[in-house]
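Listed in Swiss-Prot for this protein:
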- 14-178: domain 'CP-type G' (DOMAIN)
- N58, K59, A60, D61, N86, S87, N130, V131, G132, K133, S134, T135, G174: GTP binding site (BINDING)
Amino acid sequence: MVIQWFPGHMAKARREVTEKLKLIDIVYELVDARIPMSSRNPMIEDILKNKPRIMLLNKADKADSSVTKAWKQHFEKDGIPTLAINSVNGQGLNQILPASKELLKEKFDKMKAKGVKPRAIRALIVGIPNVGKSTLINRLAKKNIAKTGDRPGVTTAQQWVKVGKELELLDTPGILWPKFEDELVGLRLAATGAIKDSIINLQDVAVYGLRFLEENYPERLKKRYDLEEIPEEIAALFDEIGKKRGCLMAGGEINYDKTTEVIIRDIRTEKFGPLSFEKPEDM
């Protein structure tokens, strides 16, 4: 499943982000805490060069907290300060400015020594579509400035946003992978709703989700669908879920499209509890 999804505004965004780097002090790299590697754009390292950076593990409330802790340690071992946040309810957002000041202390001390008038920290927010950039900006700015939505690709224009007197943010359109050569990356992004359902095979996503749950959270899978045991054959598992959820066609046959929708919706709406689809040790 090689998915290619690179609208023109994303290619343009890459060029504009590269140009804007000379205007900013620090980069906030926003990733989905459930899939920190799959929700990182592989071009980001190349684009950002040596800019100071803070990794923001967003949607931390939807992820397995013990795995998020391991990811935090993983990135910090690589020298990237990392915060677990929730841009919807504000969890962890009060740590962003202090962490930025700490990281930029030497730069701002040098500016002060040269007699440069103090100014706000200028930050660039980067991330793939639907990772929560607009929600984060609105929460920090305490007003509805950036368009938000659960559709990938909502933000399409870059804009500066003032956050008090000490921080200015530059939002960018989500820059997604030009293509997903690793099938797992595409499946993980699809399972969390980061890419449009119209460009993927949803049954593949449902199969991935069930196998993932069977391997990592089997008791949650059994509890959700009232299963005594998890059938080995994926078709049999679909049949069981279809029956339990009443996804039937005339004549009592299983409606696999409906069953697929139920499984994906249950994953995305946290009916299995907080899930982490990636662990540092598996990368």
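In case you wondered, yes, glycine gets a Cβ from its N, Cα and C as well.
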Problem set entry | Residue among the binding-site residues N86, N130, S134 whose Cβ has the most other Cβ atoms within 10 Å | N130
Problem set entry | Around the Cβ of G132 (GTP binding site), the count of other Cβ atoms that are within 10 Å | 21
For this session: Look up A60 (GTP binding site) in the DSSP assignment and report helix, strand or coil.
Result: helix
